[in-house]
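*Asks:* Pasting the feature list from TrEMBL:
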type	residues	note
DOMAIN	104-348	domain 'ABC transporter'
TRANSMEM	448-466	transmembrane segment
TRANSMEM	478-505	transmembrane segment
TRANSMEM	535-555	transmembrane segment
TRANSMEM	562-586	transmembrane segment
TRANSMEM	592-611	transmembrane segment
TRANSMEM	623-642	transmembrane segment
TRANSMEM	662-683	transmembrane segment
Amino acid sequence: ARASLTGRVSTLEQRQKPFQLVESANEHFYTRMAEATVIPSDILFNPWTGDGDHSAFADGADDQEGGAAHPDETLREATTKSSFFERNRSVHLTWERLGYAVHLSKGRLGRKDSRTTKTILREISGEVRGGQILAIMGPSGSGKTTLLNLLAGRLTMSRNFATTGYVHVNGLPRSSRVFKRIAAYVEQDDKMFADLTVEEQIAFAAHLRLPRTMSPEKKRERIDKVIQELGLNGVRQTKIGGELVRGVSGGERKRVNVGTELVSDPSLIFLDEPTSGLDSFNALNVMYTLRKLASSGRTIVTTIHQPRSNIFQLFDYLCLLSEGRMMFFGPASEALSHFSRLDFVCPEQFNPADYFIDLLSVDPRSPQLETKSKRRVEVLGNMEQKELKEHPVVTQFSQEEIQENEMNLLVMSSNTKFQSSWFNELFWVAVRNFKLILRDRNSNVARLGQTIVFSILLGIIWLNSGRDQPRMGAEAEYIYTIAGVIFFLLVNQGFGGVFGVLFVYPLERAVVLRERASGTYRVSSYMLAKTFSDIPRNVLFVVLFSVITYWMIGLAATGGKFFFFMLVVLLCTITAEGLALCVSTITPDPQTAAAIVPVFMILSMLFGGFFIGTNNIPGAVAWLRWVSFIFYSFHALIHNEFDGGDLESSANALLQLQVSKWTAFAALLGMALALRALLYLILRMNGPKFSVLSLGEEDSKDEVNEKDE
């Protein structure tokens with residue numbers, strides 16, 4: 001026991017050693033600063049005003065201490081030779097004085113109050129060239145993802161923030177239309193359909209994002225080479241998988257996500273935490289893939305939280321952030337020597353990334369530690385800002401290079417926004433939807449079982465109710481019985497359609513938003529493809545439901561009335577699905593949609609014409625019956641059952657019918673189409689909208705007004 005306790009204490013001391021070293025270096029650093037005669041004694045957070053040599057950008061800097069060297073040239077050479085893709089013009093991305101602030105509230109008379117503004121990023125400048133990997137690192141909340149989104153043009157539009165600074169591509173202001181063609185953005189969350197295979201996911205992106213002039217053979221070759229270059233040949237026919245579907249591993253799933261964007265052969269790739277959620281081995285495999293892509297000429301910009309040491313070796317340039325300020329920007333191989341010159345020496349055989357996170361994090365464990373760590377961050381930030389003013393990191397382009405890049409920009413701007421034709425988009429989105437519907441075994445089996453059980457149960461409850469002839473004087477009871485049966489059948493189908501959307505659509509919506517942000521397809525092609533692909537399944541379940549219930553209950557035994565019954569029930573289901581789709585699209589999360597949709601369903605039931613006669617509804621709310629799809633469905637089926645029989649006039653009087661059979665049918669069809677049109681408009685308005693920086697009038701107008709059709 002004594003030996004075990006001694007071992008645990010020793011282990012604990014080893015774990016605390018890096019923190020003690022950082023604190024010791026801090027004390028030494030501040031002591032030196034205090035003893036320097038050039039530093040005013042009244043400056044607390046900016047003691048460095050001398051001409052100390054702390055440049056991180058000088059050529060021939062000393063090798064880093066305790067860290068690993070740059071990746072060897074054999075990896076670069078091997079990956080360059082194995083790269084398939086024809087290289088686009090190399091992208092040189094530069095940014096100057098980027099800033100981002102959030103307005104938490106407003107002052108008097110609607111004016112923005114600077115006291116309620118939180119600054120997320122301040123004065124961030126840098127550059128990255130083709131063939132390089134830039135890693136953006138820093139503690140949690142330092143602004144890594146915000147900076148990445150600013151560079152990628154993926155900052156969600158809002159009136160509650162302000163941005164400053166400039167982003168240039170090859171010396172020219174960023175144009176969103178052209179930038180979307182040459183850049184790809186890989187999100188942190190792998191939003192893909194679990195039932196698609198690896199090859200199907202990449203092929204779908206290839207068919208829609210490659211130029212329409214490219215032959216099918218060339219597209220197939222591109223698909224095969226993407227799979228090969230990402231090391232996915234062994235799992236190309238394996239499903240991607242998810243929480244409920246067994247599929248590829250986490251690292252392979254991340255590479256599929258990269259491949260979806262890589263298929264269009266972008267010259268610039270942004271990645272948000274590509275190693276998040278992966279073990280160290282799979283994280284290394286993903287980063288080796290990125291190293292391979294960069295070695296073939298691409299420009300890679302990625303955020304990463306705390307990489308292992310051999311992942312850190314793969315970075316060409318490093319940007320360290322803390323509290324929204326830049327602590328270091330330069331070659332990753334010079335980062336340790338830069339901080340060593342400031343007496344912040346990384347211990348030998350210690351991960352440089354871990355050391356930087358410890359060094360730049362604000363320690364909240366006590367007020368004293370928090371004050372000291374904030375002061376350290378403030379000092380390092382001021383020193384880096386001073387260094388950037390003396391030695392700017394942004395390369396200036398010559399006039400000849402700018403003129404040549406302007407000509408290339410004009411050529412790319414003349415191309416259409418979408419690479420594929422509208423009919424090609426409609427075809428491939430519909431094909432994918434059909435595959436997903438057929439492979440959604442759990443949902444299909446559950447819905448099939450629900451349909452059979454409910455139809456048989458309802459048929460047993462009202463068995464032969466329509467075949468029993470009403471006794472003399474019992475016509476009203478008979479009419480109300482049949483009306484109750486019809487009304488309940490419609491309500492059952494309506495709720496079935498609604499819940500079929502609420503439980504499935506949220507994941508699809510997330511994938512669609514990601515694909516639309518990448519310019520994969522138009523809203524109109526997606527919406528029509530979804531509508532067409534959902535109809536066959538709805539027809540199957542409606543036919544099964546109608547065949548069982550209609551004949552067990554014994555409704556009007558004519559072929560025409562039976563097929564009209566099925567058509568009305570189908571339209572009722574489609575209308576309910578349209579309502580659920582509209583609400584699910586406009587609400588921020590599934591929980592909100594699940595709370596709102598039943599309200600519309602209950603209102604449609606209350607004013608459906610069965611619970612309360614239309615003549616008995618108070619005038620203030622009587623108009624609601626005209627927007628109730630159950631109202632029109634109920635009227636159409638009541639007319640279908642009783643018109644032409646002995647009880648037609650009695651049914652009209654008792655149920656207070658106000659619209660004819662075909663009028664009700666036309667109104668129901670119109671509501672179904674109107675909800676789909678409304679869904680299209682909501683998708684257009686709620687699509688991905690990204691804000692811009694202060695880049696100039698032309699670029700701002702281009703990004704803000706850019707919409708998919």
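Keep in mind that glycine also has a Cβ here, set from the backbone N, Cα and C atoms.
Relative to the rest of the structure, where do these features sit?
*Replies:* Within its own chain, the transmembrane segment (535-555) has Cβ neighbours under 8 Å at 437, 444, 447-448, 451-452, 454-456, 458-460, 462-468, 482, 485, 489, 493, 496-497, 561-562, 565-566, 569-570, 573-574, 577, 641, counting only residues six or more beyond its boundaries.
Counting only same-chain residues 6+ beyond the ends of the transmembrane segment (592-611), those with a CB under 8 A from a CB of the stretch are 483-484, 487, 490-491, 494-495, 498, 502, 506, 576, 579-580, 583-584, 617, 621, 624-625, 628-631, 633-635, 655-657.
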*Asks:* Who are the chain neighbours of the transmembrane segment (662-683) in space, where the CB to CB distance is under 8 Å and they lie at least 6 residues beyond its ends?
*Replies:* 523-524, 526-527, 531, 567-568, 571-572, 574-575, 578-579, 581-582, 585-586, 627, 629, 632-633, 635-636, 639
*Asks:* The domain 'ABC transporter' (104-348): mean pLDDT?
*Replies:* 87
